[in-house]
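For reference, TrEMBL has these:
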type: TRANSMEM; residues: 6-26; note: transmembrane segment
type: TRANSMEM; residues: 46-65; note: transmembrane segment
type: TRANSMEM; residues: 71-94; note: transmembrane segment
type: TRANSMEM; residues: 103-124; note: transmembrane segment
type: TRANSMEM; residues: 136-157; note: transmembrane segment
type: TRANSMEM; residues: 164-186; note: transmembrane segment
type: TRANSMEM; residues: 192-213; note: transmembrane segment
């Protein structure tokens with residue numbers, strides 16, 4: 001029976017890897033836009049810095065000398081750390097000076113925080129205590145990462161527009177968190193379970209907001225198009241008016 005549970009857990013781990021990789025790659029569209037316009041516009045760089053930190057801590061938590069049978073956690077988070085680092089560097093390249101300084105300062109703090117957590121876990125903790133320390137750190141930083149888009153949620157509510165909250169990003173987050181939440185339950189891992197549970201909840205909130213405001217965005221675009229069309233018609237008629 002235990003072997004069957006482990007097999008099912010492994011399957012959900014694979015699904016979690018696929019869904020999470022998709023989640024990591026969704027922002028490529030955003031960064032193509034940033035590179036093309038040479039501007040970060042109203043996009044926030046904080047979620048990418050927090051995602052970078054979360055990937056580092058989660059990959060560390062999954063290493064064999066911290067926890068066992070979590071190689072799938074290591075592979076996807078190691079890959080994610082590399083991808084998120086690229087995003088952060090691009091954001092720093094095109095962000096306005098004030099925002100650039102802010103994101104860079106947060107990035108430095110993130111690197112220092114991870115380095116401190118890694119060193120402390122190796123020097124001062126062993127066995128179950130090391131797992132406990134790294135698990136709590138992973139849970140805390142994962143929740144911080146999932147909470148980072150709250151600034152975007154506030155922007156959506158304020159502007160009544162989902163332009164800066166892509167649908168695919170929220171949807172991919174739900175798929176990823178659902179897979180890892182089930183993986184955690186099957187493996188009786190409360191640290192992964194708590195963080196992905198929070199992420200799943202926030203992902204659902206983002207989807208609710210998206211469907212609440214996406215029609216308004218479309219309506220606004222249609223209204224704008226009609227107004228532009230009317231202006232063009234007026235301009236065409238004006239030369240023939242007395």
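Just so you know, glycine gets a Cβ as well, placed from its N, Cα and C.
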Ask   = Which of 6-26, 46-65, 164-186, 192-213 has the most Cβ pairs closer than 8 Å to the transmembrane segment (71-94)?
value = 46-65
Message = Counting only residues 6 or more past its boundaries, what in the same chain has a CB within less than 8 Å of a CB in the transmembrane segment (6-26)?
response = 51, 69, 72-73, 75-76, 79-80, 83-84, 166, 168-169, 172-173, 175-176, 178-180, 182-183, 186-187
Inquiry  = So if I exclude everything within five residues of the ends of the transmembrane segment (192-213), which remaining residues of that chain have a CB under 8 angstroms from its CBs? That is, six or more out.
reply    = 73, 138-139, 142-143, 145-147, 149-150, 153, 156-157, 160-162, 165, 167, 170-171, 173-174, 176-178, 180-181, 183-185
